[in-house]
Amino acid sequence: MTQMLLLLLYGFMFLLATESCRTLCQAARKSKEQVPTRPHGECHGACVDNSYCSQPCPPDTPGDMGYLCRQKKWHKVTDTCRTLTAFNIFEADSYSVQTFGGSKISEYTKKPETITELLMEKCPRDLSCVIRNIQESPRIPGNIAVIVQLLHNISTVPMTDVDEAKMQSYSTMANHILNSKSISNWTFIPERNSSCVLLHSINSFARKLFVNKHPIDIANTFIHTVGTILSRDKAGKNFTFSMRVNDTSDVVTGKVLISREELQEVPSPSQAVSIAFPTLGAILETSVSESITVNGLVLSVILPKELERISLIFEKISKSDDRRTQCAGWHSLESRWDRKVCQMIRENSQQVVCKCNPSKIFTSFSILMAPHVLQSPILIYITYIGLGVSICSLILCLSIEALVWGQVTKTEISYLRHVCIANIATTLLMADVWFIVASFLSGPTRHHSACVAATFFVHFFYLSVFFWMLAKALLILYGILIVFHTLPKSVLVAALFAVGYGCPLLIAAITVAATEPGKGYLRPEACWLNWDMTKALLAFVVPALAIVVVNLVTVTLVIVKTRRVAIGSSMFQEVRAIVRISRNIAILTPLLGLTWGFGIATVLNDGLLAFHIIFSLLNAFQGFFILVFGTILDPKIRDALKNRVNSARWISRISENVSSDFSRRPTKGPS
């Protein structure tokens, strides 16, 4: 009887609880219907440039979306909306356990644990209990960030027995977010280094992979892992990968080659693991501030530390010939591409062969394609034809200066002027010659020391050209501004040579001393100052453009002074003044290097061929312009040449008369 009363009491309580639950649910549903939902995916209000707006994600989706106002329009910049959580990432039967009453109780009610801890508890053998829900989840930025964090946490779990099953599950998770359709969503993840974290995590987890006697080959669409045993008795070892970048592209190949000589250095047996990624290069571009494009597979190699050099063959994704290609390794500590660890051995329109130095810091390698590099045959022809004409013109200019030197340097100001012109011609001649030498030394296969020497002399002599042009401009300013106070001739000559040769030598020496020890002096593909790594090119660009600005001010002062003389004069005198101004501009433009100002236009609009052609024409033929405007059009030099010619004719006539006199004189016969 007592048991029956207890059962009736329990039944009444159960019905009461059920009815209360139904009432509460209906009330909650009505209140939810009455509360208006907040808008998502759009910003309201005035759009002021650089203002920020945050909007909620769709209903039942944690996170938010950030918008930034640019040019009066809202643009999405961040997105943390996610559908994957600790409660739904596991399969249904893996995160619930049976209780004595038959009902299921979630283990999350016992204690707070991370997804990684639960994963290691539920399926430590193969990590497969999250695969299905991850593969079914949308590849939105928030989900990508969750999976990246999960893969990172798994890679940091202490384990030494990573077998093929674990690696298969790990690769499947990574493959989901490496899909080519998810590349654009990586840009909205607030943590900009998420792709770097992913690459580091995969490489770290692969280091724990144990390769048994049989090779491991785990092929997914966007990640392919191969592991094998190395032994000294083999002729060599290579890993070959063939993968598609997206659904519509052709297959792109990549190879890792280990020579027999390198294998002799490793202990036997040793293991090697290589991983190929077709889309990771494009994903990494969202984390790198450098303006580069990855143009091949990203190949990671986990090798014995004794293997210090390997060969890599990359097929180009974009087979374009107008972009320069560079071999590079991924610096895992600084999260950037580093070109110093690789050397380009050979390149054609289809593929690139690189030699790289793997280490714990440099595990992943690829080829980079620099954007907006204009290489036109027209520019090459203009450059070399112009240099040839320029060299011949400068030799002729120096020869003329030598012939008339005594006649055109009688006054102090003319002496200093011709010292500047002669040194401008000499340094430009040497710079052009060393430029041609450096162009022959440039290329994938080059002698490093010779290339450093050629780059140093090109840098030094071109700087000397500019500083001698500056010296001439200062001499003009000295003549315009300082009329009554003059310095001794020896002081002025010493000052000119100190500016013309001392300053360039100091800048060139400091540049090579500061950058060459770290292999950052040269460009990877040419014998010229580096830009991408050390910005050594600034040691030429900054002084050159500063001198161009000073010289432009000098020309402006000359024009103003010439124009001031003609103010209030007759029409004829004003026309003569305009002619003088035009003549001064024509003479001073090549002598003061103002044509190099067109280099600014090529920097501002690098893709326009017309600016490059104008710049190449004006500067390749600069020696010819110096000959014409600085020497031939100088009336004093023309008069001196006429005097030399007349003197030569007079001497020739005298010699002819003397010889004729000797021929007419009768010879004395024998007595």
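Going from the start of the chain as shown, residues are counted 1 onward.
The backbone N, Cα and C atoms fix where each Cβ goes, and this holds for glycine too.
Taking DSSP states H, G and I as helix and E and B as strand, the domain 'GAIN-B' (231-375) has 9 helix, 69 strand, 67 coil. The domain 'GAIN-B' annotation in TrEMBL covers 231-375.
TrEMBL lists 379-634 with the feature domain 'G-protein coupled receptors family 2 profile 2'.
Under the heading signal peptide, TrEMBL lists 1-20.
Among the features that TrEMBL reports, transmembrane segment is placed at 378-403 (among others).
For the transmembrane segment (415-441), the residues of the chain that approach it from at least six positions outside its boundaries are 384, 387, 390-391, 394-395, 397-398, 401, 405, 408-409, 447, 450-451, 454-455, 457-458, 461-462, 464-465, 468-469, 471-472, 475, 489, 492-493, 496, 500, 526-528, 591, 622-623, 626, 630-631, judged by C-beta separation under 8 angstroms. Annotation source TrEMBL lists transmembrane segment at 415-441 (among others).
Taken from TrEMBL, the feature transmembrane segment covers 461-484 (among others). If you look at the transmembrane segment (461-484), the same-chain residues 6 or more away from its ends with a CB under 8 A from one of its CBs are 413, 416-417, 420-421, 423-424, 427-428, 430-431, 434, 492, 495-496, 499-501, 503-504, 507-508, 540, 543-544, 547-548, 550-551, 554, 557-558, 561, 588, 591-593, 596.
Marked as transmembrane segment by TrEMBL: 491-514 (among others). Within its own chain, the transmembrane segment (491-514) has Cβ neighbours under 8 Å at 416, 419-420, 423, 427, 452, 455-456, 459-461, 463-464, 466-468, 470-471, 474-475, 521, 529, 534, 536, 539, 543, counting only residues six or more beyond its boundaries.
The transmembrane segment annotation in TrEMBL covers 537-560 (among others).
Per TrEMBL, the feature transmembrane segment maps to 581-604 (among others).
Residues or ranges marked as transmembrane segment in TrEMBL: 610-633 (among others).
Mean per-residue pLDDT, taken over the domain 'GAIN-B' (231-375), amounts to 85.
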